[in-house]
Amino acid sequence: MASIILESIFLKRSQQKKKTSPLNFKKRLFLLTESKLSYYEYDFERGRRGSKKGSVDIEKITCVETVVPENNPPPERQVPKKGEDYNMEQISIIERFPYPFQVVYDEGPLYVFSPTEELRKRWIHQLKSVIRYNSDLVQKYHPCFWIDGQYLCCSQTAKNAMGCKILESRNGSLKAGRSHRKTKKPLPPTPEEDTMVMKPLPPEPAPSAAGEMKKVVALYNYVPMNVQDLQLQKGEDYLILEESHLPWWKARDKNGREGYIPSNYVTATSNSLEIYEWYSKNITRSQAEQLLKQEGKEGGFIVRDSTSKTGKYTVSVYAKSAVDPQGMIRHYVVCCTPQNQYYLAEKHLFNTIPELITYHQHNSAGLISRLKYPVSRHQKSAPSTAGLGYGSWEIDPKDLTFLKELGTGQFGVVKYGKWRGQYNVAIKMIREGSMSEDEFIDEAKVMMNLSHEKLVQLYGVCTKQRPIFIITEYMANGCLLNFLRETQRRFQPAELLEMCKDVCEAMEYLESKQFLHRDLAARNCLVNDQGIVKVSDFGLSRYVLDDEYTSSMGSKFPVRWSPPEVLLYSKFSSKSDVWSFGVLMWEVYSLGKMPYERFNNSETTEHVIQGLRLYRPQQASERVYAIMYSCWHEKAEERPTFSALLGSIVDITDEEP
């Protein structure tokens, strides 16, 4: 699938291709790629794309411009009056699309209405960029709508009639006033473009004492979100100018442009297996087998890290079998000679792993099948960035569009929405009096720099109005607790263990940053549309003002997830998070049961202090229960670290070859 440049929800006017066609307006999800402008139905309840309703080939577009607004439009297409933009809490769906623009192509104008002027500008700019080399660009356009069989601006009755107004700025590569030429060749660059291309590159910074400047390759495309960002093109190389422990690095591209990039979008060129479709970094043997069987294709294969042999790789291959209807799977360790050559079959040596894979894609050479079809856990979608652009932590509420309410949490209502009409976000609307706001705002910048693939990313805050908003990554499948209770299927033990592993990876990261969660539980973990579990609300319990929540004697205090030292002395540490993780594992394996379900909070406190521990859930093996139980040692110092717990969880997975 082509890379998506822009994605937004707009109001689309019907094109009335037939004289009898009705004039109507419908909300559609628009996607822009290098080759097509497409629009789809949109499921506002689930936040998902529906069926495709139409598309326009980019090469057929002749003009993109604004349209003069209608006279006396209905409320949904009226520009909000001053002050209305800030009444955000009352909006649960996109209600207004007052900013029209037109995309003109061989079948006439396509009229689109944007919810904000800024979003309209962005789309017009990007559309003009992708059509700039089109051969049929026009230099006159119709500034007003086509209605009732004619253009309101000039009364011409032919839909494809020449425009009546000269474009103020040149359209694409042509200049205003220049005769129209039908040629498929791109026009030569203008003097301004020539100057830009020929501008000499700035000198490379001097190498550091440690050696040469770091070079990286982009794993994903990245479209800049602000002026300080640098665009990334998947597969392109970049030079790192400033590297830090923070999630944004300053980089330079091959054309000399400089800016900030998300560090989790690139990898060192010397370690670039991640750019290959066949490589899955964090996947276990049992997960690989499950995926290969689901795909069921002869020669399906996965290259993955070996969990039992650090630094080694394993190739898992599927082949059909007359004996077993589910097929058979073999796992081959990628071996390395003393001369650093790789092989699966000793007679065939290669200098790199990609060369080895390429060879076996054409030759089985001792394998049960040649490597025909790369299989992955999911399409490698781009990860979340730490903030919506470099240095952007204060978000303008006018850039937010509210789509639906997700629920109510400790701090107030949570809604699903879009940032600048394009990026899915969750918006926590903080109820006044529920949070120590000033203290949280001071800490928000620090929390934004916590970035890990198994943490729900904090994008930013809106603090210049009340209520304040916390903007985070959107997780389509909601909280883990409800996911466990409501999913209408039986979870396999490997799936439950993977959920625990996801959480443990996030907690190991927080542990390494000396950051405490303080309220780890299934209700505070979320599940995305790919079934990956991420830890949410880390550290937020410090800012709760409700005594019923902050006091260990309060009715809302998480007694059932708390160790004795917290219940007795309110003593929090990484080891109190470890205790909570053990209870979370119990929740997962009991499919969302309430811990200590037969006792109230005060009884639970008494029993925990006296040494009572949760029983082994039916779905948990003895080895899994041993990990849970190790988290509940009375002495905090005797509990394992999250790093040790992660190692134990990995060890439980099927033995590696």
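Backbone N, Cα and C atoms are what each Cβ position is placed from, and that goes for glycine too.
Taken from Swiss-Prot, the feature region 'Inositol-(1,3,4,5)-tetrakisphosphate 1-binding' covers 12-24. If you take every residue in the region 'Inositol-(1,3,4,5)-tetrakisphosphate 1-binding' (12-24) and average the pLDDT, you get 79.
Annotated phosphothreonine per Swiss-Prot: THR20 (among others), in sequence order, evidence recorded as similarity to another entry.
Sequence annotations record features per position, and here Swiss-Prot assigns phosphoserine to SER21 (among others). Within 10 Å of the Cβ of SER21 (phosphoserine) there are 10 other Cβ atoms, across all protein chains.
A sphere of 10 angstroms centred on the C-beta of LYS26 (1D-myo-inositol 1,3,4,5-tetrakisphosphate binding site) encloses 13 other C-beta atoms. According to DSSP, LYS26 (1D-myo-inositol 1,3,4,5-tetrakisphosphate binding site) is assigned to a strand segment. Annotation comment: Swiss-Prot describes LYS26, ARG28, TYR39, LYS53 as 1D-myo-inositol 1,3,4,5-tetrakisphosphate binding site.
Residues annotated as phosphotyrosine in Swiss-Prot, with similarity to another entry given as evidence: TYR40 (among others). Using a 10 Å Cβ-Cβ cutoff, TYR40 (phosphotyrosine) registers 19 neighbours.
As annotated by Swiss-Prot, zinc finger applies to 134-170, with the evidence given as sequence analysis.
What Swiss-Prot lists as region 'Disordered' is 175-199.
For SER179 (among others), the entry in Swiss-Prot reads phosphoserine, with the evidence type similarity to another entry.
Marked as phosphothreonine by Swiss-Prot: THR190 (among others).
Taken from Swiss-Prot, the feature phosphotyrosine applies to TYR220 (among others), supported by similarity to another entry.
Sequence annotations record features per position, and here Swiss-Prot assigns domain 'SH2' to 276-366. The domain 'SH2' (276-366): residue composition by secondary structure is 21 helix, 27 strand, 43 coil, according to DSSP.
Around SER306 (phosphoserine), taking its Cβ as the centre, 16 other Cβ atoms fall within 10 Å, counting all chains. What Swiss-Prot lists as phosphoserine is SER306 (among others).
Long-range Cβ contacts of TYR342 (phosphotyrosine) within its own chain (separation 6+, distance under 8 Å): VAL334, CYS335, CYS336, LEU349, PHE350, ASN351, THR352, ILE353, GLU355, LEU356. Annotated phosphotyrosine per Swiss-Prot: TYR342 (among others), in sequence order.
Feature annotation from Swiss-Prot assigns phosphotyrosine to TYR359 (among others); the stated evidence is similarity to another entry. In sequence order, HIS348, PHE350, ALA365 are the residues of the chain that are 6 or more apart from TYR359 (phosphotyrosine) and have a CB within less than 8 Å of its CB.
Reduced to three states, the DSSP call for TYR373 (phosphotyrosine) is strand. Remark: TYR373 (phosphotyrosine) has GLU295, LYS297, GLY299, GLY300, PHE301 as non-local neighbours, by Cβ distance under 8 Å and separation of at least 6 in sequence. Feature annotation from Swiss-Prot assigns phosphotyrosine to TYR373 (among others); the stated evidence is similarity to another entry.
The domain 'Protein kinase' annotation in Swiss-Prot covers 400-653.
Here ATP is bound by LEU406, GLY407, THR408, GLY409, GLN410, PHE411, GLY412, VAL413, VAL414, LYS428 per the record. The longest Cα to Cα distance in that group is 13 Å. Recorded residues ASP519 (active site, proton acceptor) and SER306 (phosphoserine) have their alpha carbons 33 Å apart, per Cα-Cα distance. For LYS53 (1D-myo-inositol 1,3,4,5-tetrakisphosphate binding site), the same-chain residues that are 6 or more apart in sequence and have a Cβ closer than 8 Å to its Cβ are ARG28, TYR39, TYR40, GLU41. DSSP assignment over the zinc finger (134-170) gives 0 helix, 8 strand, 29 coil. Note on proximity: among SER21, LYS26, TYR220, SER306, SER602, the recorded positions of the record, the Cα nearest LEU406 (ATP binding site) is that of LYS26.
Secondary structure from DSSP puts ASP519 (active site, proton acceptor) in coil. Spatially, by CA atoms, the binding-site residues LYS26, THR408, GLN410, GLY412, VAL414 include one closest to TYR220 (phosphotyrosine), and that is VAL414. Following the DSSP three-state reduction, the secondary structure of SER602 (phosphoserine) is helix.
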